[in-house]
Amino acid sequence: MTSERYNAREAEPRWQRQWDEKAIFATKNDDPRPKYYVLEMFPYPSGRIHIGHVRNYTLGDVLARFMRAKGFNVLHPMGWDAFGLPAENAAIERKVAPKAWTYDNIAAMKKQLRSIGLSLDWAREFATCDPSYYKHQQKMFLDFMQAGLVEREQRKVNWDPVDMTVLANEQVIDGRGWRSGAVVEQREMNQWVFKITKYSQELLDALDGLDRWPDKVRLMQRNWIGRSEGLLIRFALDPKTVPAGESELKIFTTRPDTLFGAKFMAISADHPLAQAAAAKNPELAAFIAEIKRIGTAQEAIDTAEKQGFDTGIRAVHPFDPSWTLPVYVANFVLMEYGTGAIFGCPAHDQRDLDFVNKYGLGNTPVVCPEGQDPASFVITDTAYDGDGRMINSRFLDGMTIAQAKDEVAKRLESEQRGGSPIGERQVNFRLRDWGISRQRYWGCPIPVIHCATCDVVPVPAGDLPVVLPDDVTFDKPGNALDHHPTWKHVTCPKCGGKATRETDTMDTFVDSSWYFARFTDPWNETAPTTPAVANRMMPVDQYIGGVEHAILHLLYSRFFTRAMKATGHVAMDEPFAGMFTQGMVVHETYQKADGTYVNPADVKIEVGGNGRRAVLTATGEDITIGPIEKMSKSKKNTVDPDDIIESYGADVARWFMLSDSPPDRDVIWSDERVQGAARFVQRLWRLVNESVAASAEAPSSRPANFSADALALRKAAHGALDKVTGGIERLHFNVCLAHIREFANALADVLAKPAKPAPDLAWATREAAGILVQLFSPMMPHLAEECWQVLGHSGLISEASWPQIERDLLVEDSMTLVVQVNGKKRGEVTVASNAQNPEIESAVLALDAVKVALDGKPVRKVIIVPKRIVNVVG
């Protein structure tokens, strides 16, 4: 038995060097074994990894190591999502070039990732800001353009006049730019868009086949795509009330059955009818300006008070020319959805009800719940959105909702105005085409040229990549490419005249929408992929990342893969066969009396009779223990992975990340549990060394027979092997760790016996120790390598095959059943695993505890739940 402690600080770098020197994690594309592609979402090179990265990449690494041991040709690459705004901010704030800042950060973070002991194929590494990467992205842009999947169109955008850039809706806060604070303007601008809507139905339908994706992620994508079946209705406008040239208002509704409950029409502030009305109404113009000041982010709209302005325009009900509806400009109607106009049926829509209650428009219920008297059914403060029968709806009365929808559609489809039907059944999608133009320097240049004679001209493929210039300055607001004295000035490749480059760059979501395909052959200099290789290695078998990317990144990647298929780069539709969303790492917060946050490293926790107390280590002053929250710099509740690895080793950090909770749930950081993981590492080290001593005289060949003790140990070993194997396959890593601990206890019990083990038990001990080390090797690979050598193996455990389960050892000779009398537990009974019901019944009725509980009463029946419970009813 060794008296030395396991020294992670010495061992971990040594094993990492061996892995690198032997290139054991390098994947060969021509390997004939079945492939397994595991990928974690690649990081943005911000400068340092955080503890959430450790969890994310550990999850993938466990799976990669396991599948490699199972005999798969594992592809487990790493790269950098390297374009983006933070690099430009750093250039402005720190006077450092975005390129230098980015590559310095990559070098620092790569060193950190290596220290975690990840089984990555670093030979495939790239950054999306490498010209050798975005060259192929530009080529695909041109391919997509030729295939009709890229267009240039006028779009209304949020323009920051100080930063001189387009802002996403989410970047407009109270009508001002999130960074500059300038009042945001609405502008019409030419934008490059990917035609993702061409795949709306396909993207929706294919979700049904993604059965290894979380249901919540698929639901989020369904809602984002937002398929709705309804009716497009052309409401006539009262000519006495409308601006010149306006005659009708088109709305799309999924509830045409509620037309007789309509009380108002509402249009977006951007609707042409609103603009026409505002031209002659200063008050309306001011109201529209206020709406635009608040912004059009969905969150802002949802939380803002519902407001409207009566334009004075009146719409005519399609079934009653004498019935007109007021047309409001409302702050909750967006031009991006449907037609930018709705009719409001307040009795059956809560938002509409709140609106009419504010403006005194009243409501008329038109759907009555089954079993309720229509004469007494009224709506006050809560809209009814359930099923029922139609009321107050003339020719629809008595119909179901479905019948009423169909009847309204039939009637309006058959009525004409101006040679076209008043109603038309339509399928609408919430999904909009993907605008990719960004007025930023640090992004992939869009490979087109603008010529006064030839208009938009693609950059010839032979001239790719269009490389970003390094000599840019950020002393002026706006896009540094616009200010560059020479970069944008070129010769038109079509006519030879003077022309200019496109100075917009691509949305960084484009960069991450195909990187997984590039990893299959990043050495191809002439094409984005090598189709034969990509088609063999794709799709990604297991993708791992945060749920915050459930919509945009995953949806864009699904579109991009289809577009790549349409242009001949891959043959599959879906990029990710399996998707796993891990939880966050969270931590307590600590605050001084004045409310300032304190770093956990500066706090000492004391546990006494009154519970936990926090004090500032330096001064001893009391610190308030706040709620457990997501780690953030602002609340100073972060933990530096380097500190943990330096203090305890990477394996301890990995083990803690896997053991505390299911991987799809948040894990609460706890110094105490980290220390517990460190103690367990030392315990495993001792167990392995003790096992070597105990099995020193074990026979080299397997004994013909095993004693009860040896057989029990072998059953524990193979039972743990079976459970951990299944647990890793299901990504139930925390359960796996519990089984490993349980098995370690069983081995420790054997080793604790003072007697020298018989040869069969010594052989079983050696086998058990080997299985134990292999079980924890995906989670704690450095410790496993060290233990593997102690066990006498010459090779690396990272190259060893996963042990075979001996199924006959999983068959239990006996089973223990809970015994109840009249539903109350009275004890347990152990019987043969193949015992029949009469034998079980006899054994149970013979128990003293059962006899006492029955107290002489006759047994009426015995209920046996197989392999679980026996309930005696007396």
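Just so you know, glycine gets a Cβ as well, placed from its N, Cα and C.
As recorded in Swiss-Prot, the features of this protein are as follows:
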MOTIF     43-53  motif ''HIGH' region'
MOTIF     630-634  motif ''KMSKS' region'
BINDING   Lys633  ATP binding site
Kindly state the mean pLDDT of the motif ''HIGH' region' (43-53) in the predicted structure.
91
In terms of Cβ proximity under 8 Å, which residues at least six beyond the ends of the motif ''KMSKS' region' (630-634) contact it?
50-52, 584-587, 597, 669
Using all protein chains in view, find how many other C-beta atoms are within 10 Å of the C-beta of the residue listed as 'ATP binding site'.
9
Please list, for the motif ''HIGH' region' (43-53), how many residues fall into helix, strand and coil according to DSSP.
3 helix, 0 strand, 8 coil
Name the secondary structure element type, per DSSP in three states, that contains the residue listed as 'ATP binding site'.
coil
